[in-house]
Amino acid sequence: AKAKRGLCEGSAAASSSDGEQEGDVWEMEEDGSGEEMVDDYGASSSGEDELLPIEKAALKQKSDRGGLSEDDSEEEEEEEKISKQKKEQKKEENADLQLNLDIDEEFRLPTDEQIERENILSFRIKGNMEVLQDFGVKREEGRTRQEYLALLRRDMAAYYSYSDFLLGKLMDIFPLPELINFLEANEVPRPVTIRTNTLKTRRRDLAQALINRGVNLDPLGKWSKTGLVIYDSTVPIGATPEYLAGHYMLQGASSLLPVMALAPQENERVLDMCCAPGGKTSYIAQLMKNTGMILANDSNAERLHSVVGNLHRLGVTNAVVSNCDGRQFPKVSLYYPEVLGGFDRVLLDAPCSGTGVISKDPAVKTNKDEKDILRCAHLQKELILSAIDSVNAVSETGGYIVYCTCSITVEENEWVVDYALKKRNVRLVPTGLDFGKEGFTRFKDRRFHPSLRSTRRFYPHTHNMDGFFIAKFKKFSNAIPKAQKEPAVEAASAVPVPDAITEPQPKKKKLEGSKAAKGQKKPQSALKKRHRLPAQHRPAKA
């Protein structure tokens, strides 16, 4: 028994030692020698346990290789060469930038190759502007002003992403330093503004309620008693309980100005010819204190849904919403004069090209051309004549028309107003706004009526609001003047015709012949014959 026990213990010890040796061999085969792992990577077995399986496989693969292959060394050399070349290129570019940004260097017109190669348009625009402001001293010899302007126009169109047509229009309107400010202002959004609905609350109470909700705001300005400007907010301005209750309306600062110029009175009949989305209509009702009647019209039926919703939310009860073509109002008023005619005041916010709201719609920079401008101008001329015909000139308190657009082009503003002055019995009156720039009385080769100085222009770079144009008319007669050609024809026909023309020519010759035969003197002197020729040609020209 003792012998058997000794044999079993010996075999067990032998088997355990063999198992340990086999286990060490498997571990060596799987993981490699422990010394190599520590020497190569400086990590112990405990560090290896923290590695991911894919990281362990990568370490094993590199340890098996024992070093980098020839292919790897060649790839590293190529990478080093490429990195050196890139560093050299960056140094050259930085040197070019330093040369271009050197202020003391004189500005010279670049060649065609330089234009294609250079990408720093802002520096070129700045240098070109400095030369044009003092052209006689800083210009390059042999170069004309037109060459500098052509380059400036091309560079600004590329830098600010404008079409060549629209940029040319803007260069005609603004001086060059002001043009840069206008283009820069269009790249920044206008501040968010709201209008207090005094039908339901006061501005002070509304401001306090919004401040308690985490809104940072200030009064819009001394010129407005209801406006507030929002700087930042922790809550969405268009979804607060105050907004849903109709205590305020999200409205741009420039949209308040036409209603202030219209100045509606209580118990009047007012027409808002293009009313969507209803901000100006609700402001009119607010000033009228829900008295009288407002006809809110728009030719787009889909946009009237927002008008109805806003009027209900703001508590407006004196408005009637209609879907008609504004150009047909004078014709329709013949059948319904008590409803669709004889208004005390009319507000026409005419559809336009939108060149004053580029910060809201950047697509205007490239999608407008000459045809779009002229098409809008033609529609605006038809609408303004219709608006004037819808007003009652003998109204005790009214007889006013306010024309406004969110465009800054002359074709849609001064040109249209001057056209209305010639076609209807109206005159321009002050808008009642203390700020804003005067309208143009001359533009390029055109000359407008001197009273256009009473119109007002608003720009984003000077007033921090959307570009806007406002004109206010006073109608002094309901009669429509006839065309200018008809009075000229009537005046020509009223000129007395000489007797020499009324008498037939053959009889004159017979009489002269008979008198000459009898030896009598000629009845008409040479002086009278001289006057006869222009008298004969005058009616023919008329």
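Going from the start of the chain as shown, residues are counted 1 onward.
In case you wondered, yes, glycine gets a Cβ from its N, Cα and C as well.
Quick look at what TrEMBL lists:
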REGION    1-94  region 'Disordered'
COMPBIAS  19-39  compositional bias 'Acidic residues'
COMPBIAS  69-80  compositional bias 'Acidic residues'
DOMAIN    182-476  domain 'SAM-dependent MTase RsmB/NOP-type'
BINDING   C274, C275, A276, P277, G278, G279, K280, D298, D325, D349  S-adenosyl-L-methionine binding site
ACT_SITE  C406  active site, nucleophile
COMPBIAS  489-500  compositional bias 'Low complexity'
REGION    489-542  region 'Disordered'
COMPBIAS  527-542  compositional bias 'Basic residues'
Longest CA-CA distance among C274, C275, A276, P277, G278, G279, K280, D298, D325, D349, per record bound to S-adenosyl-L-methionine, angstrom
20
Average the per-residue pLDDT over the domain 'SAM-dependent MTase RsmB/NOP-type' (182-476) and send me the rounded value.
94
Rounded Cα distance in angstrom between A276 (S-adenosyl-L-methionine binding site) and the residue listed as 'active site, nucleophile' is 14
Going by C-beta under 8 A and a gap of 6 or more residues, the same-chain neighbours of G278 (S-adenosyl-L-methionine binding site) are A296, S306, V307, V308, G309, N310, L311
Could you measure between C274 (S-adenosyl-L-methionine binding site) and C406 (active site, nucleophile) for me? Cα positions, answer in whole angstrom.
13
